[in-house]
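Features of the protein shown, as given by TrEMBL:
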type	residues	note
DOMAIN	3-115	domain 'Neurotransmitter-gated ion-channel ligand-binding'
TRANSMEM	118-142	transmembrane segment
DOMAIN	123-333	domain 'Neurotransmitter-gated ion-channel transmembrane'
TRANSMEM	148-169	transmembrane segment
TRANSMEM	181-200	transmembrane segment
REGION	237-267	region 'Disordered'
TRANSMEM	318-336	transmembrane segment
């Protein structure tokens, strides 16, 4: 008995009937324990078995039968965490190897289901909403400086929620469903933060950046840009084809236009004949060629840096949709498996 007042059986009266039936009511409070499976927490259901039988008397001496097919739950007190679905009763007859006599018993199975509304509104929905913030880190501009910090903040928030889940569950070897969801979401956010760092490195390519490889230009700047609806990247891909011609025209027009004028001024100022002014033309051409080369290298470095920024933007958009799809699929799988 679970009650400390009961040192043994209570001294209650025995009811004797004229037909020989004897009824003896001996009240007691029974405490039992059962194994709890938290694999589907907080959408789990438990089955607790209560077996009543006699070890002293066999079936030939005491024959136990259940009067009803289910247990009497009229005096059951409602619980805020568990809902009782039923309590079916079954009669079993066991024959042990030591004895030939049968030993009957009556087993009641208590069917419980956890009330999951508290855990849905306090643990599951906040995790889903926080996990949907992780892909938005790819949508932030790279120059904002908040892309990596957003991923770390979301990761810390999920860690706090996982600790709350661990505190509200009994110790068990099996990992609950919501714990698996948290671990998968934290792994996804860790991967997104690592990819964000890689994309930031691609975006901030300095003046020493190499040109975008042809396969990357064809795959990322054309196909992936159209797939991710980054229209401005697809339109700007045509500009580098026209830019070299315009720059060459300005350079060709500038050198011949300036050289004769400078030569004439030098000839008039110094009184040097036209036949002996080739030295002035050679020096001027070398200076203009050096300036034009520096300008071309600067424009080429700017064009390469701009292409890498476009590559980083397209990769951001593509990974954002990929991670949005992953978060949605994981949430749907968790809810479908719980249902």
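Just so you know, glycine gets a Cβ as well, placed from its N, Cα and C.
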Chain residues in Cβ proximity to the transmembrane segment (318-336) (below 8 Å; excluding those fewer than six residues from its ends, i.e. six or more beyond): 124, 128, 131-132, 134-136, 138-139, 177-178, 181, 184-185, 188, 192, 195, 199, 224, 227-228
Close approaches to the transmembrane segment (118-142) from elsewhere in its chain (Cβ under 8 angstroms; 6 or more beyond its ends): 41-42, 81, 148, 150-151, 154, 157-158, 161, 164-165, 168, 178, 181-182, 185, 188-189, 192-193, 196, 199-200, 203-204, 309, 312-313, 316-317, 319-321, 323-324, 327, 330-331, 334
Residue counts (helix, strand, coil, in that order) that DSSP gives for the domain 'Neurotransmitter-gated ion-channel ligand-binding' (3-115): 0 helix, 40 strand, 73 coil
